[in-house]
Amino acid sequence: MNGLSKKLTHLKRVVKTTATAEKCKSLLENCAKTKSLRSTKGVHAHTITLGLLPSLSSNHLLSLLTAAYALCGHTSYARTLFDELPRRTLLSYRSMIRMYTEKGLPNVALKIFGEMLRSDKHKPDRHTFPYVIRACSDLLLLQQGIVIHGLTVVSGFIWDTFVGNSLLTMYMSCGDKKGARRVFDAMQARTIVTWNTMISGYCRNDSPKEALMIFKRMADAGVDADCATVLSLLPACGRLKDFEMGREVHSLVEELSFWDSLSVRNAVVDMYVKCGRMDEARLVFEKMVNRDVVTWTTMIHGFISAGDIKNALWFSQRMQLEGVKPNAVTLSSLLAACASLPHLRLGKCLHAWAIRQDLQSDVNVETGLIDMYAKCNSFRLGYQVFAKTSKKRTVPWNAILSGCLHNELAREAIELFKLMLSEAVKPNDATLKSVLPAFAIEADLRQALSIHSYLVRSGFVTRTEVATGLVDIYSKCGNLDNSHKIFNGIPKKERDIILWSTLIAGYGMHGHGEMSLSLFNQMVQSGIKPNEVTFTSVLHACGHAGLVDEGLCLFNFMLRNHSDSLRVDHYTCMVDLLGRAGRLEEAYELIKTMIFEPSHAIWGALLGACMIHENVELGELAARWLFKLEPENTGNYVLLGKIYSAVGRWKDAENVRVLMDEIGLVKSPAQSVIGAATR
C-alpha cells in the first residue's frame with residue numbers, strides 16, 4: 001500500500017511539474033510577443049525556483065527563454081542561454097539571428113546562420129530568411145545576398161512577400177537595381193511596402209525617373225500611396241525638376257491628409273525649391289503653422305541657389321525672431337551666400353556666431369568658412385580656419401585647395417596637396433578636380449610626371465575626368481606626345497566631349513592646327529556632338545596656324561549644323577583669322593551678318609588687323625565703335641594712331657594724341673626687364 005501511495009505521490013508531482021512547465025512555456029511565449037524584459041526575468045526566476053531547468057525535458061523551455069531574451073534585446077542573457085542549450089532549436093537560431101541583426105551586429109547574425117546551416121539539423125524558414133537577408137544588406141554583401149536568394153528559391157520561400165521585400169531592400173542597398181527589378185517583376189503578391197521599397201531604392205540609386213515610373217505602375221494597379229510613398233516621390237520630382245509631377249504629388253498629400261506630418265510638409269517645400277519654384281515654395285511655407293530648422297534652412301538654401309541673397313538673409317533673421325535656432329547646415333548655407341556676394345564683413349559675423357554656438361568644428365561649417373574667406377579674397381583667414389581643423393577629413397583639404405586656385409595660388413595648392421598625402425588623408429574626385437588645374441597652371445613637366453605616377457599608383461588615372469586633367473597638364477607643359485598617349489589609353493566609349501576638346505585645344509595652342517582639325521573630324525565621326533568650347537578651340541587652332549580656308553569651312557559647318565552653339569567668341573576668332581590673312585572686307589561683312597551685338601573683342605580684332613595691313617577706312621570704323629564700348633582703353637587710341645602714322649597721316653595721328661590728352665588718358669609706359677632688375 002505504501003509503494004502504491006509513493007507512486008501516486010510521484011505521479012501527482014510529475015503532473016504538477018508538467019503543468020507548471022507548460023504554464024511557464026505559455027508565459028514565455030507571451031513575454032516574447034510583448035517583448036517584456038521584466039516579465040521574462042520573472043518567469044526565468046520562477047523556473048529556477050521550481051527546478052524546471054535541470055530536467056531532461058527542459059530543452060524546449062530553455063529555447064523559449066533564449067527566444068524571449070533575444071526578442072527583448074538582452075544580448076548577454078540570450079547568448080548565455082543559447083550557448084548552454086543541449087540541443088539548439090530552429091526557434092533559438094531564428095531568435096538569435098533576429099536579435100543580432102536588429103542590434104546592428106549583422107556579421108554575428110550571419111555567423112550564427114552559418115552554424116545553423118552546418119549543423120544540418122534545421123532549415124531556415126520564412127521568419128529566418130528576412131533577417132539573414134537584412135544582415136547581408138546592412139553589410140552590403142551582394143554576393144552573399146545572391147547566395148541567400150538562391151536558398152530561398154530552393155527552400156520554396158521565394159514567393160513569401162516578406163522574404164521578397166527583404167530581397168528588394170538588399171539588392172537596392174547594394175546598388176543592384178537590375179537584381180531588385182528581377183525580384184519585383186517575379187513577385188506574385190505586392191504590398192505597399194514592396195512598391196515603396198522600389199520607389200525609395202531607385203531614388204537612393206540616382207534613378208528618380210525609374211522611381212516615378214514605378215509609382216505610375218503602382219497607381220495603375222490601384223494601390224493607395226502612404227506617407228512613406230510621398231516622402232520618396234517628392235525628392236525624385238525635385239531631382240528631376242519635374243514641377244508638374246511634383247504638384248500632382250502635392251495634391252495627393254492634401255487629398256490623403258498627410259499634411260499633418262511636418263516631414264511631409266518639409267519635403268513639399270524642398271521639392272518646389274529644387275524645381276526652382278520659390279514662389280510656390282514660399283506659399284507652402286507661409287501656410288505652415290509649425291516650422292522647424294529644416295523648413296527654414298530649405299527656404300534659405302533655395303533663395304541662395306536662386307541668387308536671391310537678400311531674401312536668404314532676411315529669412316535667417318525671421319527664423320531667429322521666431323525662436324528657431326539655426327544649425328550647422330543653416331550656417332553653411334549662409335556662408336555660401338556670403339561667398340557668392342562676396343560679403344566679407346557678414347561672413348566674419350557668421351564666423352563669430354558659429355564660435356558662440358560651438359559649431360565651428362562641424363565639417364560643413366569649417367568648409368563653408370574656408371570657402372567664404374577664399375571667395376572674399378581673404379585666403380589668409382581661410383587658411384587660419386583650416387589650420388585649426390583635425391586634418392584627418394578630406395573635405396576641408398578640398399576647400400583649401402579650391403581656395404588656392406580661386407586666389408591664383410597654384411604652387412601653394414600643389415604644396416598643400418603633397419602635405420595632404422603625407423598626412424595620410426585620402427584624396428577623392430573633388431580633391432583632384434581642385435588640384436589638377438594647379439599643375440596645369442604651373443606647367444612644370446617634372447611635377448606633371450610626379451602627379452601622373454601618383455595617379456597611376458592610386459588607380460585614379462582610369463577615370464575619364466582625371467585623364468582629361470592629365471591631358472591638359474601635359475599640353476600646358478608642351479608634351480603633346482604624353483597627352484595623346486593618355487587620350488589613347490581611354491576606351492573609345494568613355495571619351496567625352498571635354499576630353500576631346502582638351503586634346504584639340506592642346507594641339508591648337510602649340511600651332512598644330514592641322515592636327516586639331518583632324519582630331520575634330522575624328523570626334524564628329526565617333527558620334528560626339530561638338531559644343532561651343534570645342535568650336536572655339538578649333539577656330540583658335542586655325543588662327544594660330546593660318547588655316548583660313550579650313551577655318552571658314554568649319555565656321556560654315558557650324559552655321560549649317562550647330563547654329564545653337566554659336567557664340568560671340570566664334571565670330572571673334574573668325575574676324576581675327578580673316579584679319580590676319582588680310583581679308584579685311586570679308587571680316588567686316590561677317591561682322592555685319594552677326595546675330596549678336598559685336599563686342600569690343602570683335603572690333604579689337606578688326607582694329608588690330610587693320611593696323612597690320614594699314615587699312616585706314618576700316619580701322620577708323622572699328623576705332624569709333626571701340627571708343628564707345630571702351631572709352632578708357634588707351635590701347636585702342638594707340639592702335640589708331642599707329643595706323644595713321646603707317647600711311648603718313650601725321651596730322652591725324654597727332655589729333656589722336658590730343659584726343660587722349662583731352663580725355664585724360666595716358667599711355668602706359670613700357671618697362672624694361674633689365675632696367676627693373678638694376679633699379
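Backbone N, Cα and C atoms are what each Cβ position is placed from, and that goes for glycine too.
What TrEMBL says about this protein:
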REPEAT    89-124  repeat 'PPR'
REPEAT    191-225  repeat 'PPR'
REPEAT    261-291  repeat 'PPR'
REPEAT    292-326  repeat 'PPR'
REPEAT    393-427  repeat 'PPR'
REPEAT    496-530  repeat 'PPR'
REPEAT    531-565  repeat 'PPR'
Surrounding residues of the repeat 'PPR' (496-530) on its own chain - C-beta under 8 Å, 6+ positions past either end: 464-465, 467-468, 471-472, 474-476, 478, 480, 483-484, 487, 490, 537-538, 540-542, 544-547, 550, 554, 562, 565
Folded-back contacts onto the repeat 'PPR' (89-124), same chain, C-beta under 8 angstroms, at least six residues removed: 32, 59-60, 63-64, 66-67, 70-71, 73, 75, 78-79, 82, 131-132, 134-136, 138-139, 141, 144, 151, 155
Reported mean pLDDT - the repeat 'PPR' (261-291): 94
